[in-house]
Structures are given as C-alpha cells and as structure tokens.
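According to TrEMBL, the protein carries these features:
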TRANSMEM  12-30  transmembrane segment
DOMAIN    14-423  domain 'Major facilitator superfamily (MFS) profile'
TRANSMEM  53-75  transmembrane segment
TRANSMEM  82-100  transmembrane segment
TRANSMEM  106-127  transmembrane segment
TRANSMEM  139-159  transmembrane segment
TRANSMEM  171-190  transmembrane segment
TRANSMEM  241-265  transmembrane segment
TRANSMEM  277-297  transmembrane segment
TRANSMEM  309-329  transmembrane segment
TRANSMEM  335-356  transmembrane segment
TRANSMEM  368-387  transmembrane segment
TRANSMEM  399-421  transmembrane segment
REGION    434-480  region 'Disordered'
COMPBIAS  444-455  compositional bias 'Basic and acidic residues'
COMPBIAS  468-480  compositional bias 'Basic and acidic residues'
C-alpha cells in the first residue's frame, strides 16, 4: 500500500473497469486476425498479391506492439481514461476512412499505422488501470480482461463474414469502425482512482508551488527514466535473455501467418466461406480455455522448475501442427487442426512472458518486456508478407505452412538445447563462485605462514622472538 499511496478497492467499480478492459483488449488482439476474412475480396478488388495483402495485418500488429513505450508514457502523464478514448477514436476513424480506400498503400496507412497505434493505446492503458484497482484479486481481474481476446475472435470472425456477404468489404470496414467506437465507451468506464485522504490547505498550496517549480524537471526526468527502462542494452550481456530472445523471435515470425491465411486456405480447399470463418472461431474458443489451464499446469511443483523446457515443448507442438496441416484435405480434419492450433497457440502465449519473468526476475522484468516487445515488431512485420510471397511464387498454400512450422519447430529445439547448455553453465559458474572463498582463505593462510617463516629467518626477528620467550618464561615464574 505505501508504494501506491492508497488501498486498492479489489472490487466495486473495479469490476466495471475490468468490463471496459475486456472490450478494449478484445478488440486489440482480435481485430488484426479477424480482418483476414476480408483479404480475399480486397485482393480481388484492388489487384493486390498475397504478399501485399498480408502487410495489412503485419503493420497493424507491429504498430500495436511498437507503440507500447509511447503509450506507457502517455498513460503516466494523462491517465488511462483519456488514452483509451483517444485509442477508440483512432481505431474507429481508421476503419471508416479505410473503407473509402482505392489502393493498398491507403489501407496500409489507415488500417495498419493509425489503427495499430489506436490499438496500442487501448491495450496498455487497460492493463495499467487494472493494476490500480486490484491487488489481492489482480490475477482474476487480469484473466477476465485478457479473456476478451479469444471471446472477441470467436464473435468477430463469423460476424465479419456476415457483413462481407451483406455489404462487401468496404461496408464491412465502415460497420466495424462503428463497432470499434465502443472502445470510447469502455474508456469512459475507467475513472481514475481517487484517494480518500483530505489534505489541508497548506499542503495543497505547497503542492501547487512544487508543481509549478518542478514541472519541467519532472517531465524531463520521467522521459529519461522511460527511455532507460525500455532501451536497457545491458540485457544483451545476459546469456539467458539472448537465448530466449532468439527463440521468441523465431516463434513470432511464424506464429501469425497461419491465422491470417487459414480462412483463405480452407476456401481454396473447397470449404464454404462461413465454415472457413468458423475455423478462426474454433481456434479462439479453444485458446480461451487453454491459457488458464496452461497457467495452472505451469504453476505445479513438477513443471515450475522446468518451465523453460515446457515452453520449448509448447513451441514444438505448435510448429508440428502447421507442418501437418498441408496433409489435410477435408473440413473435419481442418476442424481438428484448428483445435490443436488453438491448444498450441494458447500454451505458448500463456508461457511467453512467464518464462521471461523466470529468467529476469520481478525487478528487471518491466525493462526486459519493453525491450522484447520492441524487437518482436520486426519478425511480426516480416512473417505474414514472407508467407504470402511463397503463395505468390508457388501458387500453393502448403509451402506457407511448411515454412511457419519449420521455423517454429527449429526455434523450440533451439530453446530446448540452449537452455540445457545455459543451466549447465550457470551451475558451473555457481560452483566456481562457491570455490572462490575457500581459495581466498587458503591464500591468506599461505601468506601468513610465509610471513612467519620470513620473520624467523631474519636475525632481528629471531632476537625479538627470544626476548619474547624469555619474558614469557619470567612471567610464568613470577605468576603464582
């Protein structure tokens, strides 16, 4: 409580805040995936290739993640309510404006950049306000808020297909923009936490004076602190962090392309459009239950000490699903693939930040996650367009799944092998550190013995020793 300056409510209006966060986080995570329903129609209308159309979701996801540090600074400066309302306005206007687009570059800017930045504001501000309303019940509140991602994906995928059939992709983006304005309503629910203490008038006057004098100094200091927090290059000297970062980047590179092209792949296999859209809903529905289940398993006494290996297994499982997908030719087996895809996807994302916290610790975790989020933007930006380029070159979706699956499996195997090496080296370094004190003690003892020997060899020292011995003998005789 002393760090917060007040006691969190852990209930009351906080549950309305969780409801608002559920809406804003749901739109943030599900929109880049559910937009893939429109890609086939946009591609035919604008004459774009598979690689070009995939850049829409990639830019949106990259902007959402890259805007995290800027969003954090704005939330600390202005609070969560105005930032979520601003993010909702940006998302709604970006979709409405994109519906009038006549080129793919137009969609890149409005859906990708403007919409992605709006989602970034929604996501960070929602997570921040929950931490101010809850303490004891914070895990439950965060879980309910984060559940918005699979819930909204289950709903948006078939809804987008319905809108596409009724209004086309332009009308669908227009309606979707109106729906995303509900993030402004969600932001209005996030009223600031007020302290119940009533300071005296003298205290208020002092605060006003201090604020007037130190405003610019505090602003500069906060900017420097945020820059240091999110750009701490000392992490690159940590072996465990480098291993985690390489494996994580390989997973992110291949993680989103199967989601973006799953519906189009199913239609290419002769599946009905609504049934193809429901594959995304199935993936999201399974993901909804797998994430908390994985958290419970990871918290058990058998898995907790080996959580890095569990994370490696989850990545290998996810990649293996993609490698087997091109062998599937019927809709029932595509449903099975969607189920296992949801299991693998949910397992990895339930563990991805927990493993980083296990490596870095609670104190260094905020800085580490900020740096990882920024670096993740590059594989996230390049993954889906690279997969789309393979479809353009070979005219077949199977190479897309082969590439994503092989990259993710390789990343999982890399993490497994390198974590074995890392733990071995850590144990070796700890043993070496434990030997250092004993070696230092031996060295000091040797120096003392050498010094005594030198004193005995010196004549003056020998005379002093005989005098001391004589005095001791006389003292012994005089002592009754």
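Placed from the backbone N, Cα and C atoms, the Cβ positions cover glycine too.
Sequence-distant residue pairs (6 or more apart) of the transmembrane segment (241-265) and the transmembrane segment (53-75) include at least 3 whose Cβ atoms are under 8 Å, placing the two stretches in contact. Between the transmembrane segment (399-421) and the transmembrane segment (139-159) there are fewer than 3 Cβ pairs closer than 8 Å, counting only pairs 6 or more residues apart in sequence, which means the two stretches are not in contact. Only pairs six or more apart in sequence are counted, and the transmembrane segment (53-75) with the transmembrane segment (106-127) gives three or more Cβ pairs under 8 Å, enough to call it a contact.
Through the fold, the transmembrane segment (82-100) approaches residues 20, 24, 27, 31, 71, 74-75, 106-107, 110-111, 114-115, 117-122, 124-126, 170-174, 176-178, 180-188, 190 of its own chain, all at least 6 residues removed from its boundaries and within a Cβ separation under 8 Å. Here the domain 'Major facilitator superfamily (MFS) profile' (14-423) has a mean pLDDT of 83 out of 100. Among the listed stretches 12-30, 309-329, 368-387, the one sharing the most Cβ pairs under 8 Å with the transmembrane segment (171-190) is 12-30.
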